[in-house]
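Residues or ranges marked as domain 'Nucleoside diphosphate kinase-like' in TrEMBL: 1-138. Summarising the annotation, TrEMBL assigns ATP binding site to 9, 57, 85, 91, 102, 112. For 91, the entry in TrEMBL reads phosphothreonine. Annotation source TrEMBL lists active site, pros-phosphohistidine intermediate at 115. Taken from TrEMBL, the feature phosphoserine covers 122.
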Ligand code: RTP
Ligand code: MG
């Protein structure tokens, strides 16, 4: 089954939105395979956001993502990479539709609450960056046969 990396950014943690955001993924039907509250080092931030190095917003992005704890997660399910991005909404919360996480809770592109892998390659890369194999749990959920 497909897996993706999702992370509640420091603004989401500080605003007390961990439960609200986790609940959306849970009730959608996705399965949580791993989760942890952690601080991101400058090194990890620069590897994770390496694709944006050199862009004008990059220094601010690294400063922001290392400014406080994040809640890192791995979610599993059919088409979860695209599905999670849909639930997050557009990068700029002012363009994100209502009922998306950024559309419902965000106001600015710099503090847009949540990250989600944007492709299968990114998902594998990011899961490997943030989680050891031993931190990911493989299990059956009782409701699986009612979802697919
Ligand atoms: P993310 O990687 O955080 O999940 O967000 P994303 O895919 O929707 O957006 P991406 O293009 O990867 O940009 C990464 C983060 O950089 C910040 N950003 N600021 N014009 C700007 O000021 C600007 N553009 C991007 C956002 O916080 C975005 O989430
Ligand atoms: Mg991105």
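Quick reminder: no glycine exception, Cβ is built from N, Cα and C everywhere.
Curation plays no part in TrEMBL annotations; they are all automatic predictions.
A quick note: this is a predicted structure, and the numbers were derived from the prediction, not measured.
Known features from TrEMBL, placed on the structure.
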residue	record	Cβ neighbours (10 Å)
9	ATP binding site	24
57	ATP binding site	12
85	ATP binding site	19
91	ATP binding site	12
102	ATP binding site	24
112	ATP binding site	24
115	active site, pros-phosphohistidine intermediate	20
122	phosphoserine	16
Distance, residue 122 (phosphoserine) to the residue listed as 'active site, pros-phosphohistidine intermediate' (CA atoms, angstrom): 12
Structural state census, the domain 'Nucleoside diphosphate kinase-like' (1-138) (DSSP three-state): 62 helix, 26 strand, 50 coil
Mean per-residue pLDDT computed across the domain 'Nucleoside diphosphate kinase-like' (1-138): 97
Inter-residue Cα distance where the pair is residue 122 (phosphoserine) and residue 85 (ATP binding site), in Å: 13
Close-lying recorded positions around ligand 1 among 9, 57, 85, 102, 122, where CB distance stays under 6 Å: 57
Rounded distance in angstrom between the Cα atoms of residue 102 (ATP binding site) and the residue listed as 'phosphoserine': 21
Where the record names 9, 57, 85, 91, 102, 112 as binding ATP, the maximum Cα to Cα distance in Å: 21
Rounded Cα-Cα span from the residue listed as 'phosphoserine' to residue 91 (ATP binding site), Å: 16
